[in-house]
């Protein structure tokens, strides 16, 4: 019912129709505001890849993940080297 | 200006396959360090990076679909095939454990006493908590179907109620199964009975937790108006997975709990 020849790029059209049917105009504006403000401008053609497009929080989380994975890999290889040459007992 | 001459979604270059693969390395080597050297740092790093990867990868998929509109009907069809193939692979995964169970239970060796359940094993009564667990999962299958129909009909409140009921039933199952695990008179080390019982039911329980998590994510997305009445593949994928988990339990109940007692 709310899929008027859906232009899927414009998610807001889908949502507006749904909200209008269920809530009427007043609530629609409030909900639209909430949804639009949830993230930065994901629609903008600014060349930023999707995993960084949400802003500074994305970049921080990405860096933390990379540091942990790459650092962890180095640590794992170090432990492997350590375990490969067991120290003699006594 | 360039444009693609095919209908498929070419995603932006992403770091998550790499971090996912590295997290798998940390998980496996972390297990080795924990088992053999009693240190858990690597394992912890593996779990953390695994969770981080999954969160960000799926977050990006939600951005690409709900906010950028890349999931056209053709793209969605590919996702459907993908989910179906993944569930088929899980069917094969569980088949292995059922094979192991039937291999040992259909022809019990002299070491077991020549009968099943083996000597010394007191199996759980299938008419008690396991039967309750069966009814819980079957009911959750009904409630998730109600949720789906409500979603398709545009009934937001009913959809959320039904999905919440499904999630609560899933959590109830996990709680019941955990308390059963605590109460069993046998352990995983108790011969082939213990091994087959806990490997099969243990992996099933893990899948219930995964499925419940998937449903909770769907609930949060529904709260934020991500789904429409005829485009909600994330929810459908969760529902398929949930039904799969339910069916596996039915096989477990009939084979291991009921016939196996």
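Placement of Cβ uses the backbone N, Cα and C atoms for every residue, glycine included.
Quick look at what TrEMBL lists:
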- B:4-261: domain 'Heme-copper oxidase subunit III family profile' (DOMAIN)
- B:16-35: transmembrane segment (TRANSMEM)
- B:41-58: transmembrane segment (TRANSMEM)
- B:79-102: transmembrane segment (TRANSMEM)
- B:129-147: transmembrane segment (TRANSMEM)
- B:159-177: transmembrane segment (TRANSMEM)
- B:197-220: transmembrane segment (TRANSMEM)
- B:240-260: transmembrane segment (TRANSMEM)
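Comparing B:41-58, B:129-147, B:159-177, B:197-220 for CB pairs under 8 angstroms to the transmembrane segment (B:79-102), the maximum falls on B:197-220.
In the predicted model, the domain 'Heme-copper oxidase subunit III family profile' (B:4-261) has a mean pLDDT of 97.
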